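Below is one structure, written out as C-alpha cells; the observations come after it.
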Amino acid sequence: MLPLYRFPQEASALQERLVRHVSFDEAAHKAVDEILAKVRQQGDRAVLNYTEQFQGVRLTSMQVDEEAIEMAYRHADPSLIATLHEAYANIVRFHEHEVERSFFYEAEGGVLLGQRVRPMERAMLYVPGGKAAYPSSLLMNAAPAKVAGVCEIAVTTPCDATGVVNPTILAAAKVAGISSIYKIGGAQAVAAFAYGTESIPKVDIITGPGNKYVALAKKQVFGHVAIDSIAGPSEVVIIADESAHAEFVALDMFAQAEHDPDASAVLITTSESFAQAVQQAVASLLPTMLRHETIASSLLHNGAMVLVPSLDDACAVSDMLAPEHLELHVVQPWDILPKLKHAGAIFMGSYSCETIGDYFAGPNHTLPTSGTARFFSPLSVRDFVKHTSIISYSPEQLRSKGAQIAAFADAEGLQAHAEAVRVRLKTL
C-alpha cells in the first residue's frame, strides 16, 4: 500500500510524488470569485442564499443565541469539559510566552525611537464543520487572539441542515470566553467577515482552517483583511530508526490519513526491516479503523516510505518536504533537532505523538502546510497584533542631520522629500 523509495537513488521520483504546493483549480476560482462578488454586493441576502444552497437550511438568524451556548456547556460530558478547560489553559500558557512588548530607546543625539505593539480590534475565527466537529480548532485559534488582547472575537462554523451548531463547538466557545458565534460556513462566511454585511461586522483578520473553498476565499480577500495562512491538506513526516515501534508509527500515519484522502503520511527510516514491520502493522491495523477507506486512499495516493542511508539523509529529505508535522522516533531526537530546518511542529521521541499537539500540549496546531513551513510559522499571538514605528526628532536633532537627509532624498530624485527637510532647516 505504501510505496518504498530509496534515497538518494530515487530522489526525483520521491520529489515528484510528495512535494506539494498550494494550488486551486479553475472551477474553484470561478465559484469563489462569484461568491465573493455577490456577498460584497448583496450582503446578508447573498449569505443567506448561499447558506441555504450549501448547508441546506434557510436561516432566520445567522448568530447563535447565548442560551444555546450555555445549554451546550451545561449538557456536555463533565469529563470533556474538564479536558477542554485544561487544554485551553495549556494553550493560553504557551502563547503567553509569545507576547511582545512595545519598546522605546534614545538613539544618538537624543533621537527617540520605538515600536508600539497593539492588538487588532476585530478577529473572525473559522472553525470547520460538516462531517466532524473540531472544538480543538476553536481553542487553538481563540487562545492567541485572547492573549494578544483582540477586542472583538467572533467565531463562525457551519450549522447542520436543521440550523444547529455542533454542541461541542459551542461548549468550547464557552470555555474560551467567546459568545459571538455565527452558524455560517464556506467562502460566503469568509466574504461576509472580510467585507462586512448588514448584520456581520467587518473584521481585521480571519484565521482558521477550512476546505479548499474557504482557503481560496481567504487568499482572495487578503488585503481587505489579514489572514493567518492558506491551509492545504494535513501532512506528517516520521523519521524513525530501528528503535522505533511499528504500531506507533502506523497509527500516527493513520492519524493524518484519516483527515482526508488528500492528506499525506510519510515514513523516513534508516532500517529496511523496520519499514517492512510498518507495512505489516498498516495491513493489520487498517481494517480496525472506522475511517479505513479514507486512510487507505490517502496512503495509496499520497503516502510513502523512504529508505535512507543515515539520519542526516533523513533530515535532508524532511527539509525537502517542509512538513506540517514532523515526528522523531529515534534514540536521540535532540541530537538531530539542530539539523532540521523546516517543519511546522516537531514532536520529540516516540511518546510525543502528534495527537498530543493537536489537542492538549499547548503549541498551536494551526500549522503551515504544503511545504510552506519553509517560510510560514504556526498561528501565534504575533498574527493578532500589529506594530507601529515611533520617531521623534527635536529641532536641534534635525539641525544636526537635516542636510544629510535632504541630500539622500536628492540622490533618489525626490525633490519634495528633500524640500520638506530644508524648509524646516530655514526656521532653525
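Each residue's number is its place along the chain shown, starting with 1.
Positions of Cβ are set from backbone N, Cα and C atoms, glycine also.
Keep in mind that this is a model prediction, so the values were computed, not measured.
Positions annotated as NAD(+) binding site by Swiss-Prot: Tyr126, Gln188, Asn211. Annotated substrate binding site per Swiss-Prot: Ser234, Gln256, His259, His325, Asp358, Glu412, His417, in sequence order, evidence recorded as sequence analysis. For Gln256, His259, Asp358, His417, the entry in Swiss-Prot reads Zn(2+) binding site. The feature active site, proton acceptor is assigned by Swiss-Prot to Glu324, His325, with sequence analysis given as support.
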Measuring CB to CB from His325 (substrate binding site), give everything in the same chain under 8 Å that is also at least six residues away in sequence.
Ser234, Glu235, Val236, Val237, Gln256, Ala343, Gly344, Ala345, Phe347, Glu354, Gly357, Leu367
DSSP three-state assignment for His325 (substrate binding site):
strand
Taking the Cα atoms as reference points, how far is Tyr126 (NAD(+) binding site) from Glu324 (active site, proton acceptor) in Å?
19
Have a look at the binding-site residues (Asp358, Glu412) and report the one with the fewest Cβ neighbours inside 10 Å.
Glu412
Please report the number of other Cβ atoms within 10 Å of the Cβ of Tyr126 (NAD(+) binding site).
31
Could you measure between His259 (substrate binding site) and Asn211 (NAD(+) binding site) for me? Cα positions, answer in whole angstrom.
12
Which of the recorded positions Gln188, Asn211, Glu324 has its Cα closest in space to the Cα of Asp358 (substrate binding site)?
Glu324
Which secondary structure state does DSSP assign to Tyr126 (NAD(+) binding site), in the simple three-class scheme?
strand
Where His417 (substrate binding site) and Asn211 (NAD(+) binding site) are concerned, what is their Cα separation in Å, rounded?
48
Could you state the whole-number distance in Å separating the C-alpha atoms of Glu412 (substrate binding site) and Glu324 (active site, proton acceptor)?
44
Using other CB atoms within 10 angstroms as the count, which residue among the binding-site residues Ser234, Gln256, His259, His417 scores least?
His417
How big is the gap, in Å, between the Cα of Asn211 (NAD(+) binding site) and that of Glu324 (active site, proton acceptor), rounded to a whole number?
17
For Gln188 (NAD(+) binding site), list the number of other Cβ atoms lying within 10 Å of its Cβ atom.
27
